[in-house]
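Features as listed in TrEMBL:
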type	residues	note
REGION	141-163	region 'Disordered'
COMPBIAS	141-150	compositional bias 'Basic and acidic residues'
Amino acid sequence: MLQGDWQRAARAWGLLLRTEIAGRGTDVRQNGRWGIGAELLLRRDQQLPSTHRSTRIPGSRDVGENVDDAVTYAEPSTKPEESAFSDKGFRLAKDYYERLILQYPHLPRSGHSSVNAVVFYPALFNIWIFEVQDRSNRARENLETGREKSPPASEPWDSSRDNEAQTAIRYQELQEGLAIAQRMDDLMLSPPYDASLPLLQLRGMVGLWLADLRRMIVDATSSENNMSDDVNTQQFRDQEAREKEKAVHFLRKAKNAGAKLPKSILDTLEGS
């Protein structure tokens, strides 16, 4: 994995999983090993040169840490021509966490130290958020590449068309983000998920993300004075306010429960 040889790492990991000692197989829940499986699935088709340093993805060590860091990642030292991740890799990693959630559900009598669905859900949502943001970034990069590759003799670049494309990308990101928020809201209706510190932090951050997307969509469409049927200015402003209000609710709840929030988030809470 450190050398970026993900295919060999996946084969080695498969051998470890099939190894039995005294008739007992490897328990992937011990020592955060479960995060390895998700990363290998995410990168299964990736072969980066050793000169690249690993791109950070949400994994087992992110659960319970700063959520602001958990949904971001570092760029490679030399930017590759193609994205380091694929839609297939994201789907496989999410399916992996879904299987772990079903295989190791939370049981009322399980101890606080038990690694079960309560631990796996934040990792699943982190991967899901990362997938949506990465897909949007790739779409924006493709748009920029198309602009740069336009021949000089061609007609001037239509800025309004470019803004419409940017808005469409953000709108798609918003729709996918809303699906994440809805899944989280449904989950957090019942204990122990309603009091899960990582989930409270993450749901708050998702709310701020959705509010920002709504604001950017309205600002872009308003500046062009070309409101589409999908974007109603006042409706989006109201929804932005509700998203931010809900985000502040979850972040305050997390803070009161002992979460260490970044200064930027604390400033948001104080100003609300």
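Residue positions begin at 1 at the first shown residue.
Even glycines carry a Cβ here, placed using N, Cα and C.
Within the same chain, residues 157, 162, 165-166, 169 sit at least 6 positions outside the compositional bias 'Basic and acidic residues' (141-150) and bring their C-beta atoms closer than 8 Å to a C-beta of that stretch. DSSP states for the compositional bias 'Basic and acidic residues' (141-150), grouped as helix (H, G, I), strand (E, B) and coil, give 8 helix, 0 strand, 2 coil.
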